[in-house]
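Undergrad: Heads up, here are the entries from TrEMBL:
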type     : residues : note
DOMAIN   : 41-290   : domain 'G-protein coupled receptors family 1 profile'
TRANSMEM : 25-51    : transmembrane segment
TRANSMEM : 58-78    : transmembrane segment
TRANSMEM : 98-120   : transmembrane segment
TRANSMEM : 132-154  : transmembrane segment
TRANSMEM : 200-229  : transmembrane segment
TRANSMEM : 241-261  : transmembrane segment
TRANSMEM : 273-292  : transmembrane segment
């Protein structure tokens with residue numbers, strides 16, 4: 001009866017990170033810097049892969065797709081969070097909140113599938129080198145990437161549809177920086193058991209299924225590498241996998257903590273910190289991990305920088321001649 005008498009709401013209010021205006025501005029500056037660095041880093045990878053023919057390989061094709069996902073992934077949540085830091089009250093309408101929920105989890109699922117496909121790519125390259133060109137032809141790579149994007153955006157569609165059918169009541173406060181599922185369900189006027197069960201089932205099947213496939217691929221990779229006679233060959237094989245395995249560990253670990261853990265009441269502030277890590281920090285770390293340990297990307301970056309320098313010098317000379 002308590003929920004029935006509560007007032008229906010048409011918008012939600014995001015709770016502040018801090019009541020101190022100085023801390024709010026500090027958080028704004030910090031997250032703005034991280035967001036800009038993430039945009040630049042991921043856009044740079046997309047640009048390098050597109051321009052450098054040496055990077056037109058299956059591995060870099062999927063890294064490029066991963067960077068595209070990261071660009072949109074952070075853009076779904078961070079700009080709104082930055083705007084809330086500067087506003088007196090961070091408000092979002094219910095339809096906008098559900099829309100943000102859908103795109104956030106669509107991109108999260110797409111990233112999950114791309115990371116899983118990248119694990120299979122490394123398995124084929126190391127364990128099935130003779131079949132690798134056939135298994136990962138340009139047409140196959142494009143098809144696999146298309147499937148990752150399509151299925152990723154398809155998975156949250158039904159839970160989002162169910163979420164749009166329920167009503168929300170006061171208090172309309174969300175202790176988060178984006179419209180996370182757990183926070184939205186707490187504000188419902190009606191029983192959300194079925195929707196939560198469907199969402200949990202989707203999360204468990206998708207995340208654990210992808211994790212099992214990824215771990216199975218790396219188990220085969222590890223067995224193949226340990227069986228190599230040449231130490232140089234083992235080092236080279238390990239080096240091609242460590243970057244991807246680092247990103248997989250960070251991403252899967254935080255997702256499992258947030259969405260596939262037992263139904264125990266965790267503090268919302270802990271959830272918020274973990275969510276910041278996988279939705280804001282990880283998109284920044286991914287381009288760093290893939291570039292700092294990758295000679296091909298470093299060489300491509302040097303070539304791009306030298307091209308830009310030549311263009312700038314040529315423009316300067318033309319300007320001098322014109323004057």
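For all residues, glycine too, the Cβ spot is worked out from N, Cα and C.
Note that this is a predicted model, so its numbers are computed, not measured.
Burial and contacts for the listed features, if you can.
TA: Residues of the same chain lying 6 or more positions beyond the ends of the transmembrane segment (98-120) and with a Cβ under 8 Å from any Cβ of it are 59, 62-63, 65-66, 69-70, 72-73, 76-77, 80, 92, 144-145, 147-149, 151-153, 155-157, 159-160, 163-164, 178-181, 184, 206-207, 210, 213-214, 217-218, 244, 247-248, 251-252, 255, 279.
Outside the transmembrane segment (200-229), and at least 6 residues removed from its termini, the chain residues within Cβ reach (under 8 Å) are 109, 112-113, 115-116, 119-120, 122-123, 126-127, 155-156, 158-159, 237-238, 241, 245, 248, 252, 255-256, 259-260.
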